[in-house]
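A quick write-up on the structure given underneath.
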Amino acid sequence: MAEVVIVPDAARAGVLVAEEIVRLITRRPDAVLGVATGSTPLPVYEALRERVGGVDVSLLRAFALDEYVGIDPDHPESYRNVIRREVVEPLGLDPERVRVPAGALMGIETAGEEYEEAIASAGGIDLQILGIGTDGHIGFNEPGSSFASRTRVKTLTQQTREDNARFFESVDDVPEHCITQGLGTILAARHLVLLAFGAGKAEAVAGAIEGPVTASVPGSAIQLHSHVTVVVDEAAASALRFGDYYRYAWSHKPAWQGL
Ligand code: PGA
């Protein structure tokens, strides 16, 4: 099962995950990181920024989970720009080694397949950072997504468009389509690290970790993976049945194990 770590706040989660990423890069300088957008991973990137001074990140490679389809690539909220602003520039990564799915309409038919080939030729993703949507999505795999799915175009739910409207002038400006790594793509990463903060995520988190494995809750796909770390604050953990056990297991974890 997933290891569930309940932390006091998002900043502590950021430090825990950043330390694990630094361990990975130290062990393997050309590691492949799976990066996510949205508000959730920001504390990880912030904690990483404070730690990369002492680590050589020149060979690090990264793949983003998803992108809006048809968005102007120069729009500040295109994920290409978000990843450049939040990850590539602050961490000093080589932009040539960081990929985001191509959301341009021209060539969209083959963009998913090309992205899968790029991930495969990088040797696969070592550590994938994930957020979770209030509707249970991971990446932009909305409810009903196949557990075998690979990178492809999806239609966003109205819920997701409303959740993301805060990044745009209005909900009408949020694109209707996206290109996202599939659940099958995500499950092929070697270590999944899912983060969630706030009471608004409590139900999605409980469904993903403790609910039935079902395409209706795409996040529940993580139950099929052998190495998953879920890092949540108290509010996001509030609907978990086995919270006491997760706290007990974490406080008794042998120090050598890492995440
Ligand atoms: P958020 O989005 O981090 O902005 O809450 C998470 C997600 O939609 O996966």
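Cβ coordinates come from backbone N, Cα and C, glycine included.
These figures come from a predicted structure and were not determined experimentally.
As written in TrEMBL, here are the features:
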- 12-226: domain 'Glucosamine/galactosamine-6-phosphate isomerase' (DOMAIN)
- Asp66: active site, proton acceptor (ACT_SITE)
- Asp135: active site, for ring-opening step (ACT_SITE)
- His137: active site, proton acceptor (ACT_SITE)
- Glu142: active site, for ring-opening step (ACT_SITE)
- Ser145: site 'Part of the allosteric site' (SITE)
- Arg152: site 'Part of the allosteric site' (SITE)
- Lys154: site 'Part of the allosteric site' (SITE)
- Thr155: site 'Part of the allosteric site' (SITE)
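Under 8 Å, Cβ to Cβ, and six or more positions away along its own chain, Asp66 (active site, proton acceptor) finds Thr37, Tyr79, Pro101, Gly139, Phe140, Cys178, Ile179, Thr180, Gln181.
If you take the CA of Asp135 (active site, for ring-opening step) and look 10 A around it, the recorded positions you hit from Glu142, Ser145, Arg152, Lys154, Thr155 are Glu142.
The Cβ of Thr155 has fewer other Cβ atoms within 10 Å than any other of the recorded sites Ser145, Thr155. The average pLDDT computed for the domain 'Glucosamine/galactosamine-6-phosphate isomerase' (12-226) is 97. For the pair Thr155 (site 'Part of the allosteric site') and His137 (active site, proton acceptor), the C-alpha distance works out to 12 angstrom. Separating the Cα atoms of His137 (active site, proton acceptor) and Lys154 (site 'Part of the allosteric site') is a whole-number distance of 12 Å. In the three-state DSSP classification, Glu142 (active site, for ring-opening step) falls within coil.
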